[in-house]
Amino acid sequence: MPCYAQSCGSSSSSMAMWSTWEVMYTSVHEAVKAGDVEQLASMIKSGAGINEVDLVHKFTPLHCAAHSGSLECLHWLLWHGADTRCVTARGWTAAHLAAIRGQDACMQALLINGANAEAEDDGGCTPSHLAAAHGQSYTLQTILRSGNVNVSDRNDWKPVHYAAFHGRLGCLQLLVRWGACIDDVDNNGNLPAHLAAVEGHLHCFKFLLSKMASVTHTLKARNDQGETPRDLAERFYKDNILQYIDGVEKGGEHLETQEVLAFPAHGAAFKGDLLALRRLVRNGVINVNERDDKGSTLMHKAAGQGHIHCLRWLMEMGADCDITNDAGETPKDVAKRFSQLAAVELLTQRTGDSNSSDEELDANNIKFFERHGVEGSTDSKEDLTLDKAEKRNARIRAYGKIQEIKQLLEIANSNYRQLGGITEEEKKMKKEEREAEKAVRELEAQLEYERVRREKLESQLDDCRAEISHLRESLEKTCVPPALPVVSVCHKTPSSAWDRGCCPLLVVFAI
């Protein structure tokens, strides 16, 4: 790890000059923006305030970390008690900034550490409103796990209204999947479909129509000014919306399948349509790392079909090659499954050779920390750029923190037991022992019952055998053996035989 030498003036002021062998920071906020966690720790230890506010944006160090995506610094600040409730001049917490910037990894860390997912800024917007407005779908999904999908701001706009108004199809379909009410109106009586029409967001408008109970009812719905989606599209010259509405009303247009409506960019990547893909990503309709309902990104779709030109462009746009779908496959895994060798070679150049991943390594080997999954946020890349060595060192420090806490936990458990306390593990073990003993007693009782039952059945069997033997003997005594046939043959002449009372051909059988 690099060694830093520090020289400073007043340690109590955030504007004091902090210097190292390689860098020079005028405030703790600059150290956070640079992602220099060691210098951050040194400055806080020397007297800089952990919740100190800068003069320009009224940002605390935690705000700076969430805004720039300085994840390790954000972790350090949260470990050392940085206040997640501090707000800027506009009422934004660090969670609001993470939502705006699409720093989903920072958002996860903030929520785990108790940040309020429904904190409101000066306009009544929560982080979910801001994530939907800026098209940060994965950050929005992180928020929805802790927040309300139908929360309203002061204009009674819900996240689904923001997504429709700003044309964020990825966020819109995510909100619908999480149960957002697309038939709720705002303070002016506008449905999300009205807002999509007024801004000319055709993909969002199509998707909303397909999800409404009645297409006709939606097209004829009027806001408080009596305007339908068609009226708004006419007033603001949104010809694409007007053409589509005309086609639907005349029966010439048919609503596409749900998959195409919800994930048009995934369909474009699957077909290799780079022009459509560029238009959707650059216009902010979807995010470059947008997931579909199976967790697949645009990279997965393009890799599976071997569309090299799409893969190259997506990587230039910062698409993450390490994201896994619901089946646990990276884009390279999908390319291998479909035998797209050119795609495999291209992705290997970016992610490295996965053949070495089968090698068993431990923390004593530096290669253990060079392997990685998804690094940081996926909605938006961080402002700071760290090289591989810096990222590896960050993982080493995080792993060291794990080992340190494990050791402290063992010591704390030992101290607790020495004071007579019973740990949760011991309670669980005793409960399992009692349950095991109860099960043994029940089995023994069942075994004894079966033994008595068996003996009773054996006794009954012996009685039956004796009865059978007795009946057999009685039957033998009462049975009469069959008599032998009696045959009388007369050798005399018939006349003499009749004279003596003999019948020469008479045969008598006694039965």
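All positions are counted from 1 along the displayed chain.
For all residues, glycine too, the Cβ spot is worked out from N, Cα and C.
Taken from TrEMBL, the feature repeat 'ANK' covers 57-89, 90-122, 155-187, 188-220, 294-326. Marked as coiled coil by TrEMBL: 422-474.
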Over the span of the repeat 'ANK' (294-326), count residues by DSSP class, listing helix, strand and coil in order.
17 helix, 0 strand, 16 coil
Which numbers of helix, strand and coil residues does DSSP report for the repeat 'ANK' (188-220)?
24 helix, 0 strand, 9 coil
Please spell out the DSSP helix, strand and coil residue counts for the repeat 'ANK' (155-187).
17 helix, 0 strand, 16 coil
Roughly where does the repeat 'ANK' (294-326) sit in mean pLDDT, to the nearest integer?
93
